[in-house]
Structure formats: C-alpha cells, structure tokens
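Trainee: If you scroll down you'll find the structure; I have some questions about it.
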Amino acid sequence: MAIETISLSGKKKEVSNKKMNFWESLYLIAIFKGLMITIKHLFKRKVTIKYPEQTRSLSPVYRGQHTLMRDDEGRERCTACGLCALSCPAEAITMKAAERKPEEKHLYREEKYAEIYEINMLRCIFCGLCEEACPKQAIYLTKSRTMVKAQTDREDFIYGKDKLVMPLDMAIKNTQNQAAN
Amino acid sequence: MEEAIIIEKSVIIIAVFALTMLMAMYSTLAERKIAAWLQDRVGPNRAGKGGILQPLADGLKLFAKEEFVPNTPNKFLFFVGPAISMSMALMTSAVLPWGDKLHLFGRDIILQATDIDVALLYVFGVLSVSVYGIMIGGWASNNKFSLMSAMRAASQMISYEVAMGLSIIALIMMTGTLSIREIALGQNGMNWNVFYQPVGFLIFLICSFAEANRTPFDLAECEAELIGGYHTEYSSMKMGFYLFAEYAAMFISSTILAVLYFGAYNYPGMDWAEKNWGVNIANVIGIFVLFIKICFFIFFYMWVRWTIPRFRYDQLMRLGWKALIPLSIANIIITGIVMLLVD
Ligand code: SF4
Ligand code: SF4
C-alpha cells in the first residue's frame, strides 16, 4: 500500500474536487441528510446541568478551598512551621506563630500554633503544593468540598482562620466515623 | 347590513393582527428553544415556566435600551426603514383565508379579511416592497456594512422573486385562478396542490426561505462578515421592529405555503364533518388544522436554520439563476403538456 493511502485512525478521507452534477448542485439530498441528523438530536437527552438547582459532583482529587485540619481530639494540627508558605509558588500564605499556653492543650496539638493564618485566594492558584509540603498533614484542598466564592471586594478574598479551620462539628463527625469503623 | 360587514371585518382584522403578533413573539422563543434542542441544550427556561415569559422579557429589555441614531443625513429614512419592514410583513395577511366560513347570527362569515381576485399578485407585490424596508434602512444607516447588506438583500430578493413567480405560474395554470380563497377551496379533502406540483412546491419553499431572509439565505445579516447587516446601526425598539418583522414575515410565509400547497384549512373528512357536525365545528377544526400546518412550517424554517450553514454569495446566485429558474420553467412546460394530455 502506498504511504499516502494509509490511514491509521481510519478517519482519513480523500478530498475530491469533482464537479457536481445538476442534482447535487441543488444540494437537496445533502440538506435532507443533514436535516435527518439534526432531528435526531431534538429527541436526545440534554446534557445541560441546571446549575443552581443541580450541581456537578466533585471528583475525589478536586482542589478547592483549603481546610486547616483538626485531629481526632479536635485540636488544630498546624504548627505554624511555614513550610506551606515557603512552598507556595504564588506567595499566597502568611501566618504568625504563637506559643501554646498549658491551658490551651485541648485546642492545639503542637506546642507552637498559628495565631494568624491567612491565604489570599486571589493569589492562590490551587496547585496543592501547600498540601504536599505540610509535615503535619494540617492543610488539605480536598476536604472542604466547596469552591472559593466570587466576591466584589479584594479584601474579602483574604481568608483567615475563621474560614479555613475545619468546623468543630465536622471534626466530631469524623472522629465518630473513625470510631465506628 | 353594511355595519355588520364592517364589524365582522374589523373583528377578523384585529384577530389576525393579534395572532400574527402573538405568533411572531412566540416564534422568537420557539426559535431559541428549538435551536437549543437541536444542539442538545435546554434553552431559555428561567423567565416563567419553561421560559414562557421570555418574549416579554426580551421586549421589555429592548424598550429599556438607548435609542441610538447614527450621524446620518437621512434621519427620516432611518425611521421609515423598520416601519416599512413591519407593515409589509403584516399587510400580506389581509388576503389569506384562515378558514372557509362560519355560520353565525344567521349569516355566513367568510374567514378572510378581504377576498380580492388578484390576491396572489397582491402577495407578490407586497413581498417585493418589503425589501425596501431593508434597503432604506441599510442606506440611511450611513454605514458601509449596512449598505453592503442592503445591496445583498436587494439582489437576493430580485433573483429569487423570479423563480418564485415562475414556480407559482404552474400552480395558477393548474387552478386557473389568482384568488387565494378559490385556490384554498379547490384543495378540498386531500387534493392538496403539493401532490400535483411537488417541484413547484420545492422551488417555492426554497424561494420563500430567500424572501424571508432566513438561513441558508441570510446573507443580508451574516454576522461573520457584516457585523449585523442592515440593522447594525439600529437599537432599541427600531431594532426590535426589524427582528419582529422577520418573525412576522416567517409566520406569514408559512401561512402562504400552507394555504397554497398544503391544502389550507382542508383536512380529509371535512365534508363529512360539515354534514354531521355542522359548518361551524367543521370550520373551527379547519382553522386548527391550518394552524398546525403553519406551525409545522415555522418549525421547518427553524429546523433548516439550525442544520445548514449559510450559502456563499456566488452559490446563492448560481442556485437562483442556474438551477431554480430553469427548473421552474421546465415545471411550467411539463405542467402545460400534462394539462393538454389530460384534456
Ligand atoms: S494551593 Fe498552591 S498557590 Fe494555593 S496556597 Fe497552596 S501552595 Fe499556594
Ligand atoms: S499548614 Fe502545615 S506546612 Fe503550613 S504552617 Fe501549618 S504545619 Fe506547617
């Protein structure tokens, strides 16, 4: 077989420039064929997801809003080591560390914790490198199952601990689930 | 007696006008819905249930838009353009029969605004004038693209009017009348003209696509090359008028197709229904039947629009002059020979 006629994909089509005869030049048959194709689509299932009422399910590896995790006892895992901020290619993370007081043992897992922890969601590119860098498994992009919402004010995109730390009831539920298993 | 006729005719005229407007309004919604369905989408469904209020929302939006008039020396013509388009689209409906007759208040009411004996010529006259709406609008816009679009529209209309006129001649030869009412009456039962004049019907159909400026013949407003065509410079309700006129024209030309070739309000068993159920019921069914036929043609217009791409200008002219006109002349000759042989 000559090399020009080989079609690996099976979709190759010879282009021909042959003259159309009278009936072909009326395009009627071609148009009729086209009409039959489109009418089939009229009865096909529509693929649209009606957004506010229906939402697309998230894949298990999606990357959305960050969550600062709590451990089994509901204590914050983050130790404010700053590795996430260091690894962040977009420089989106800042934090301020503080020392844990003896009476705060139930709140923070490590002796040092993040007093302030902020992510600028306008800078963040959701690459997930912070998650990879964290030695304490304290930050995840896959746990919140929400996207960062649109805002009208730049300030509103700076998410502090109030938005990032995993809610307590979610932590309690997680622990219960674990105990059940 | 005189007053009764005036009242009767006014009622018919107002009803037809309202119907045309309503159909044009909902054609805009239907177009978008059908476009969506043919492309596996859902279409507008937020305004009202299933998008039923969408045309109202569109109208409201158009009203609220800024009324923009370009810097043109022909302000008057700029306003006249959409007005001509609209009135011409509506005028045709005067001679179309919507049903045979109703028997009310002891008199026969013919369901037609007026029955003139040269109705077909009238229709063609009005159709040819309607291109002036586009031409004047495009000319007065003082914009190259509008002007180019107007020229295209004009040449397209002139080319396709010839084929359209020739295709209808065969029909006139067969029916022997120019009155649309008589043509409609002659198609009693299943004697629809389309069965006797299939080629003529096809040519007429293609030409009415061209006359209504619908895809694949919408060269006058092809967005890719001419921005918006003749209504580039129009905004607000003037633009709304052009768009509305297009849909009204589509409704009217669907009606013409249904009346001339698809048996108008006739349906099989109409005589039987008239005998057993009375004139009124038989004709009310007839009106609905006509309506269904019209809706089918409107759907067909849209179906074609979302199937085939626009013709190139030279293809358009070649199809018009080299294919449709010879075909319609051949159709006339064959019709004549067959008529002679049958006699
Ligand atoms: S996801 Fe990437 S860009 Fe966003 S905060 Fe983490 S490291 Fe920075
Ligand atoms: S989130 Fe992890 S990497 Fe970032 S400061 Fe806390 S412990 Fe360190």
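Backbone N, Cα and C atoms are what each Cβ position is placed from, and that goes for glycine too.
Quick paste from TrEMBL:
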{"type": "TRANSMEM", "residues": "B:6-26", "note": "transmembrane segment"}
{"type": "TRANSMEM", "residues": "B:76-99", "note": "transmembrane segment"}
{"type": "TRANSMEM", "residues": "B:119-141", "note": "transmembrane segment"}
{"type": "TRANSMEM", "residues": "B:162-180", "note": "transmembrane segment"}
{"type": "TRANSMEM", "residues": "B:192-210", "note": "transmembrane segment"}
{"type": "TRANSMEM", "residues": "B:241-264", "note": "transmembrane segment"}
{"type": "TRANSMEM", "residues": "B:284-304", "note": "transmembrane segment"}
{"type": "TRANSMEM", "residues": "B:324-342", "note": "transmembrane segment"}
Trainee: So if I exclude everything within five residues of the ends of the transmembrane segment (B:284-304), which remaining residues of that chain have a CB under 8 angstroms from its CBs? That is, six or more out.
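Mentor: Distant Cβ neighbours of the transmembrane segment (B:284-304) are 23, 27, 30-31, 34-35, 38, 98-100, 102, 111, 209, 212, 214-216, 250-251, 253-255, 257-259, 262-267, 270, 273.
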Trainee: If you count Cβ pairs under 8 Å, which stretch among B:76-99, B:162-180, B:192-210, B:241-264 touches the transmembrane segment (B:324-342) the most?
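Mentor: Selected stretch: B:162-180, with the most Cβ pairs under 8 Å.
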Trainee: So what's near the transmembrane segment (B:241-264) in sequence-distant terms, Cβ-Cβ under 8 Å and 6+ beyond its ends?
Mentor: 20-21, 23-25, 27-28, 31, 81-83, 85-86, 88-90, 92-93, 96-97, 123, 130, 133, 137, 168, 171, 180, 183-184, 187, 190-194, 197, 200-201, 204-205, 208, 211-214, 230-231, 234, 290, 293-298, 301
Trainee: Near the transmembrane segment (B:6-26), which same-chain residues lie under 8 Å Cβ to Cβ, leaving out any that are not at least 6 residues past its ends?
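Mentor: Residues 55, 59, 89-90, 93-94, 96, 98, 109, 111-114, 244, 247-248, 250-252, 294, 298.
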Trainee: Do any residues of this chain, six or more beyond the ends of the transmembrane segment (B:162-180), have a C-beta under 8 angstroms from a C-beta of it, and if so which?
Mentor: 95-97, 115-121, 123-124, 186, 193, 196-197, 199-201, 203-204, 206-208, 211, 259-261, 320, 324-325, 327-329, 331-332, 335-336, 339
